[in-house]
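First comes the structure, then the notes that go with it.
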Protein chains: 2
Amino acid sequence: MKKIEGGITAPQGFVAAGVKSGIKKSGKEDVALIVSQVPAAAAAVFTQNKMAAAPVLISRENAAKGKLRAIVVNSGCANACTGERGLIDARLMVTTTANLLGIAEDEVLVSSTGVIGVTLPMDKVLPGIEAAAAGLSVNGHEQALHAIMTTDTFPKVCAYELTLGDTTVKIGGVAKGAGMIHPNMATMLSYVTTDAAITAPVLQQALNAAVNKSFNMITIDGDTSTNDTLAVLANGLAKNSLIDNVSHPDYAAFCEALTNVLIELAKLVVRDGEGATKFLEVNVSGAASQEDAKTAAMAVAKSPLVKTAFFGEDPNWGRILCAVGYSGAQADPARTSLRIGGIPVVSAGLGVKPDLEALRTAMSASDIVVEIELGIGDYAATVWTCDFSYDYVKINAEYHT
Amino acid sequence: MKKIEGGITAPQGFVAAGVKSGIKKSGKEDVALIVSQVPAAAAAVFTQNKMAAAPVLISRENAAKGKLRAIVVNSGCANACTGERGLIDARLMVTTTANLLGIAEDEVLVSSTGVIGVTLPMDKVLPGIEAAAAGLSVNGHEQALHAIMTTDTFPKVCAYELTLGDTTVKIGGVAKGAGMIHPNMATMLSYVTTDAAITAPVLQQALNAAVNKSFNMITIDGDTSTNDTLAVLANGLAKNSLIDNVSHPDYAAFCEALTNVLIELAKLVVRDGEGATKFLEVNVSGAASQEDAKTAAMAVAKSPLVKTAFFGEDPNWGRILCAVGYSGAQADPARTSLRIGGIPVVSAGLGVKPDLEALRTAMSASDIVVEIELGIGDYAATVWTCDFSYDYVKINAEYHT
C-alpha cells in the first residue's frame, strides 16, 4: 500500500467539485459533488440517532440498492429536525443532482451538515449544485474537501495505491468531523472512492468490518449526531478480478486497505476534535471479552475527568482506573496495570513510584498512549480520543444557533 | 414536614464532631465522626464501581448487618486503589473508632474521600479520630459537615420534623459532592440520621426507593466514583410505632420524608457541581416506559454539547433533540416537543418561532427547566444537572495528583 496524492479523485473515473453557494455565513465553500463517471457499487453506514436528519432517511434508501454514482453534500445547515419540509428539500437536492448529471435519482446520496433545526436555503443550495455540476473535474477535490467542512480546522483526506493480483487499484477518502463524534454508527461525514471491482454486498461487509476498527473506535464528546454518514463507491475501472465474495483471494487485502484509510481518517477527525490539544490512544488488553476491551477503553476515552486531566498534563491515574471500574467491563484492581506514554504508573492496582521527570515529559507530548492491562483474559481494543480543553467549552458555548 | 435547624444532630441521640488532623494540605477539617448514642437500625447503598475503595469494601460488610452506631470519615485522601495496605488502614480506622466509643467493630461505617491512589497518613488519621471522639457533641455537626468536604464550595445539609401517628420524628442529612457525580449507585458521600423507629430491612427498602428518585437522578460529569456511600441510621428514640413492614400506616410518610431529604441533598450537590453556573432540571414526559424516560433525560443531562450550550446561554434545541435521539429511548421527531424555561421551542419536531426576548431571559436565569414531551407513552422522569463551564475544565485540569 503506497500513499498517493489526489484524494477522492485519485481513483480512476472520479471527479469532484466544491462551490460557494452562500449557505455559510463565512462565504466559504458549502456545496460539494463527488461523482463516478460510470455506475459504482456502493455501501454505506448511517447514524443510529432516532432524530436522523432528512438526507439520512433518503440516502439510507438509495444506498440500500447498492449502486450509486453521485454524492451531493451541503455544509452550513444540517437539514435535521426539519420535518416534512426537510424531506422535500433533501429530495429536491437529489432530483436536481440526478437531472444535471443525467443519472437516476436513486443513484444519488445526499448529506447535510451544520446547524440543526433550520431549513435549507434552497435558493442558494440549488444554484450551488448547478455550479458544482458544471465545475466537476479531477482537480475539484480540494474545493470539495472544504465544502463539507464545518468547525473543522483542516481538511481530512488520504489516498493509497495497492496491488490486487497484478492490478493497481486506488482508494481515496475524505472526512469531516470535529464535535459530536462518537461511535455506535457511521460517525460524521466520510466518503471513500475506489476504482476497485467489488460487488456491493461484499463491499458492505468490508465496510462494516472496517468501521468497527476505525470510526466506531473514536470519541470526542460522546454525542452522536443526526446526520452521520459514511459511504464507499467502487466503480471497478481498475479492472481487477471482481471481488464477489469474502473468500476471494483479494478480499483481505482490499479490506485491509479500506480499514487503513478509515483509521487514518478517523484519527484525523480526533486530531481536529473541538478544542483538542492532545491526541490520546487508549489501549486496553487482557480483557475478558472483545466487548469488555472496547467498553473499558471507551469509558476511559469518554471520561471528562480523564480528558481534563490530560489537558492539565496531570498523570491522574486514579481517574483512569475509576473509569475502567464503572465501565461495566470485568475488572479487578489487583490485576490491573497501567502505563502512560510507556511509563509504568500502576502495577497490580497500586501506584508505582514513577520516573517523575520521564512521566512529565510523556504527559507534555502532543500524542500520548495509555495502556491498560486488565490481567483477566486475552482480548484487546484501541480507542482514539482527545483531551478536553477550555477551547472545547468556548467553541461549544459560543457556537450559534 | 417542617424544616428545622440542627442538621444531622437534630434527631434525638445523635452527636458529631469534625477536626483538623492535617490530612488536607489546606489545614481544614478532615476527620468526622457521626454517632448514635444508642444502637441504630441501618441501611446503605454503595458505589458499583469495580475499583471500589477499601473503606467501601469494609462498610458494605458492616452495613449489611443492619445495625450501625458510628460513621467515621476522612477527607483529603480516598484510600482507593491502595491494595492490601488500604484495607489494613480502613480496618484500623474502624477498630480505633470502635475502641474509643466502646462499641462493636461491625457497628462502624468508614468512608474516605479525596485523591485516589495514595495511602492514608495514619499518623494523622488516628489522632484525628481520637480528637473527634473526645469532641462529640450535638453542636459538633457544623464541623463534621466541613470535615467531609473536598472540592465542595458549601456544606450540604438539611433537617426536617414530621409527625408519624401522633409522634414527632426528626430526620437530618448531609452530603458531599462536586465532581464525579453520576447515578447507578449511591453517589458521593451522604449520611442521614433519624430518631424514627424502623427496622433495618424496611429502612433499606425505603432507602432504595428514595435513592432512585434523588441521587440516581443527578449527573455532573457522568463519572462514578470509587468511594460513593450513602447510609441511613435510625435509632428509634422518637418512640413512634415501629415501622416493621411496608404496609405499616407510617411507612409511606417516612419514605416520602426520606425521599425529600435525599432530593434536597442531591440538588445541593448539583448546585455545587464543579464549575457549575446554572442548575438544570430536565423533565421527560410521554415516554414509552419508565426506563425510557430516565434514559432520555439522562442523555440530555449528560451531553457535553447540551451542557456547554447552557453555559453559553444558547437555546440550542437541536443538541437536546439529538441527545434524545441517541439515548436509545423510543422517540419520533414528529411527536417530540420541547420547552425551555416554560417557553415552547419545538413542537412536533419542528422549531417554533419563539418569543426571543422571553427565551433570552429564560436562558440567562440561574435555574432552568427543560421539558421534553416525547408524545409516545405515559411515563415521566426528572433529572437534575448543571452546565459545563470553563471552570469545570480549570478545576479538573489543575486538581492535583
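Glycine residues also receive a Cβ, built from the backbone N, Cα and C atoms like all the rest.
Because TrEMBL annotations are produced automatically, they should be read as predictions rather than curated entries.
It should be emphasised that the depicted structure is a prediction, and the values quoted were computed from it without experimental measurement.
Of all Cβ atoms in the shown protein chains, 27 besides its own fall within 10 Å of the Cβ of B:E274 (substrate binding site). B:E274 (substrate binding site) carries neither a helix nor a strand DSSP state and counts as coil. If you look up TrEMBL, you'll see B:T150, B:K176, B:T187, B:E274, B:N396, B:T401 marked as substrate binding site.
What TrEMBL records for B:T187 is active site, nucleophile.
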Neighbour-count leader, CB within 10 A, binding-site residues: B:T150, B:K176: B:K176
For B:T150 (substrate binding site), the three-state class that DSSP assigns: coil
